[in-house]
Amino acid sequence: MLMLRRTAGAIPKPPKSKVYGFLRRFSVHPRTLSCHKLVLGIETSCDDTGAAVVDETGNVLGEALHSQTQVHLKTGGIVPPVAQQLHRENIQRIVEETLSACRITPSDLSAIATTIKPGLALSLGVGLSFSLQLVNQFKKPFIPIHHMEAHALTIRLTNKVEFPFLVLLISGGHCLLALVQGVSDFLLLGKSLDIAPGDMLDKVARRLSLIKHPECSTMSGGKAIEQLAKDGNRFHFTINPPMQNAKNCDFSFTGLQHITDKLITHKEKEEGIEKGQILSSAADIAAAVQHATACHLAKRTHRAILFCKQKNLLSPANAVLVVSGGVASNLYIRKALEIVANATQCTLLCPPPRLCTDNGIMIAWNGIERLRAGLGVLHDVEDIRYEPKCPLGVDISREVAEAAIKVPRLKMAL
């Protein structure tokens with residue numbers, strides 16, 4: 001049985017009354033229900049409210065997603081209490097839409113899977129509280145999901161990928177390099193020592209005031225940087241990738257942010273404009289910081305591949321590198337990683353962009369994987385808790401650093 005620490009976030013016991021009676025009012029169209037196992041996945045770890053039903057063969061029977069992006073763009077970042085309230089306002093509708101699209105009721109489900117770690121505490125609490133009430137009302141098994149494990153395994157829904165494989169998870173909240181040896185068997189090779197790449201790109205976008213740019217006003221920060229960088233010259237400014245002399249697989253993005261912030265301040269003074277106005281060189285700055293980010297990610301990933309092959313953790317041939325998370329949708333960064341994959345005889349695989357960002361499908365699929373393997377399927381949820389902070393797998397990053405693998409220089413012809 002999966003036991004979680006009692007020091008993690010406490011969830012009040014669901015009320016005995018069947019508060020989700022609305023679920024019994026679904027108009028279920030007559031049809032032949034699949035004999036396959038069905039898992040409802042619920043995702044509320046950050047600022048997206050997602051739900052989906054997936055069967056054991058990987059068919060997505062229904063899904064729904066509510067994004068809070070436009071709300072948080074106006075506030076300059078995610079405000080946890082606001083995210084919590086928006087989850088509360090939308091989770092019932094999202095789950096109802098998902099089940100209606102499948103033409104099933106909760107009684108038809110084999111289990112309910114929900115993200116409980118890691119993430120924003122207030123957001124995680126909404127999803128877990130809602131899920132536990134469904135679990136108790138309909139007497140279904142509960143499958144607690146690790147958000148980053150779900151991202152890592154999403155590729156097995158869309159592609160035939162066998163264990164082991166290497167995964168780079170890059171988003172606004174995480175930057176992790178891990179070897180995936182099984183459904184719940186991960187070796188952590190490296191992680192960000194400070195902030196995540198998506199967070200850094202968002203902060204640079206805010207510093208450049210890209211929300212005021214006509215091409216970028218409705219985009220997230222990272223997407224705005226990618227869009228603007230297409231018109232920029234990355235050679236116009238020199239921004240070097242961080243940690244170039246550290247022979248490990250860890251990452252750092254705070255330095256990139258500070259260097260870029262100083263550059264922006266300098267250019268504002270040079271152009272005689274106030275903070276908050278658009279620089280004429282904004283596209284060049286975006287291109288330079290994006291290139292430095294891509295090179296940093298590529299070099300650490302290159303070292304991870306070499307380490308895994310040296311230690312016989314990956315096959316010398318036919319090795320697979322999976323890149324997932326919101327930043328994985330950046331095509332420039334993906335191209336840099338493709339160069340590394342080609343140089344190391346690896347196959348680079350990325351989930352479709354809509355599955356790279358947070359969604360209910362990946363949670364439901366992770367539930368299916370766990371249900372099939374008999375891992376972490378709970379029938380007693382009395383002690384279940386959410387965990388805002390939670391590591392991924394077994395950390396062997398020190399062993400990677402001790403190997404001190406020198407990475408050959410690659411020409412990043414991007």
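Here the Cβ of each residue, glycine as well, is placed from N, Cα and C on the backbone.
Annotated features in Swiss-Prot:
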BINDING   His147, His151, Asp358  divalent metal cation binding site
BINDING   Leu169, Ile170, Ser171, Gly172, Gly173, Asp202, Gly222, Glu226, Ser329, Asn330, Thr357  substrate binding site
MOD_RES   Lys74  N6-acetyllysine
MOD_RES   Lys140  N6-acetyllysine
MOD_RES   Lys203  N6-acetyllysine
MOD_RES   Lys230  N6-acetyllysine
MOD_RES   Lys299  N6-acetyllysine
TRANSIT   1-29  transit peptide
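Lys203 (N6-acetyllysine) sits 13 Å from Ser171 (substrate binding site), taking the C-alpha atoms as the reference points. When the Cα of Lys299 (N6-acetyllysine) is compared against those of the binding-site residues His151, Leu169, Thr357, Asp358, the shortest separation belongs to Leu169.
In this structure, the recorded positions Lys140, His147, His151, Lys230, Lys299 were compared by how many other Cβ atoms lie within 10 Å of their Cβ, and the smallest count belongs to Lys230.
Under the three-state DSSP scheme, Leu169 (substrate binding site) falls in the strand class. Cβ crowding, taken as the number of other Cβ atoms within 10 Å, peaks at Lys203 among the modified residues Lys74, Lys203. Counting only the Cα atoms, the space from His151 (divalent metal cation binding site) to Thr357 (substrate binding site) is about 9 angstrom. When each of the binding-site residues Gly173, Gly222 is scored by how many other Cβ atoms sit within 10 Å of its Cβ, Gly173 comes out lowest.
Summarising the substrate site geometry, the residues cited as binding it (Leu169, Ile170, Ser171, Gly172, Gly173, Asp202, Gly222, Glu226, Ser329, Asn330, Thr357) extend over a maximum Cα to Cα distance of 18 Å. Shown in sequence order, Glu43, Ser45, Thr115, Met148, Ala150, Ser171, Gly325, Met362, Ile363 are the same-chain residues outside His147, His151, Asp358 whose Cβ sits within 8 Å of the Cβ centre of the divalent metal cation site. Sequence-distant contacts of Asp358 (divalent metal cation binding site), defined by Cβ-Cβ distance under 8 angstroms and a gap of at least six in the same chain, are Glu43, Ser45, Cys46, Asp47, Asp48, Gly50, His147, Gly326. With respect to their backbone Cα atoms, Gly222 (substrate binding site) and Lys140 (N6-acetyllysine) stand 39 Å from each other. A distance of 23 Å separates the Cα atom of Lys74 (N6-acetyllysine) from that of Ser329 (substrate binding site). For the pair formed by Lys140 (N6-acetyllysine) and Thr357 (substrate binding site), distance between Cα atoms is given as 28 Å, rounded to the nearest Å. Of the recorded residues, Leu169 (substrate binding site) and Lys230 (N6-acetyllysine) place their C-alpha atoms 24 Å from one another.
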